[in-house]
């Protein structure tokens, strides 16, 4: 039996890109051979085994044949006669169809090294079209390797367009779409993922709420980039640049969905777009089964981001109620995530990317002020329901004093 390192580890090794996961393919072995050597079986659909010591995955070389729609619509065949070339041809991109043996020798039957050198993402064979998830994977690779200058081969982009138009993407489960998208959102250039999906026509099928933003105008005095879709991707760039969490990145992505629902006669103004956005954000989250915590922040940012931009002019009571809705006393980290998302929105505008956003520091200081006021600060004779009422009163008074101090400093 022969063992080869395959896939992403070889690709990233040749690129000089860091990698962690290692996947191996085993040629000329049977499940019985693997079990006899102490490997643990883990594959449900096809024979995959864990190494007894390293726990790394070893899969028997296999071929596959399309038998139905979607990601799981395949029949697999594994046998000692299946060659390395047979196994590699079923992979998505040439740069992922390179293998390395235990002596470090490279096997590259489909030109992956040449495409690595020329910075091209190219499909291995027409079998690429049999798995709709590959459209999302290529978009994610386009985002990951954007800093290296990689481009999608024209024939691959055309095939992705054909797949998007065919309706095959409808067979993808919400879990698979979210898993691939959440991974893409954590890339340093996540905006390229969504731009690629738009370029191949997949965005309107998978994320119609986001696709609808493109071509919708905004007031140029506030948004020099004008287009709502471009603003969304520029805001996402800011979140990636700051290395913010998945929750923040997703909230930034969907914060302006309501602008796609602005009546035509009101354009380019978007009055009440925050309220209009609640329904499409909720629909998108429920359709993709987005985790609850991620959904909650997205809805908060959608509903409240204008209040953050206007925070220094808010009345103390209004600011307290905003902080309360963000669960400031129990979850200060959520307030921080909210501030981060709002700052990305403010900086996701053409020519304003480096403009200061003092609202962020104001919000953080306000959060610390209300959190610093405890029951122990109240008069001893306060009892029962009065405790909660007086705590609120103290916090609002403290916010009023903070606002006055801030205004005095800004006018001095």
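Even glycines carry a Cβ here, placed using N, Cα and C.
Here the structure is a predicted model, which means the values were calculated and not measured.
As written in Swiss-Prot, here are the features:
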type	residues	note
BINDING	8, 11, 91, 137, 140	CTP binding site
BINDING	8, 11, 91, 137, 140	ATP binding site
BINDING	21, 23	Mg(2+) binding site
DOMAIN	228-329	domain 'HD'
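All features noted in Swiss-Prot, drawn onto the structure.
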residue: 8; record: CTP binding site; contacts (Cβ under 8 Å, 6+ apart): 19, 21, 23, 96
residue: 11; record: CTP binding site; contacts (Cβ under 8 Å, 6+ apart): 17, 95, 96, 98, 112, 116
residue: 91; record: CTP binding site; contacts (Cβ under 8 Å, 6+ apart): 7, 97, 124
residue: 137; record: CTP binding site; contacts (Cβ under 8 Å, 6+ apart): 92, 180
residue: 140; record: CTP binding site; contacts (Cβ under 8 Å, 6+ apart): 180, 183, 184, 187, 193
ATP site shell beyond 8, 11, 91, 137, 140, criterion: Cβ within 8 Å of Cβ centroid: 7, 92, 93, 95, 96, 141
Among 21, 23, the most crowded of the binding-site residues [Cβ within 10 Å]: 23
DSSP three-state assignment for residue 23 (Mg(2+) binding site): strand
Helix, strand and coil residues within the domain 'HD' (228-329) as assigned by DSSP: 78 helix, 0 strand, 24 coil
Residue 140 (CTP binding site) - helix vs strand vs coil (DSSP): helix
Mapped DSSP class for residue 8 (CTP binding site), helix or strand or coil: helix
Span of 8, 11, 91, 137, 140 around ATP - largest C-alpha separation, Å: 16
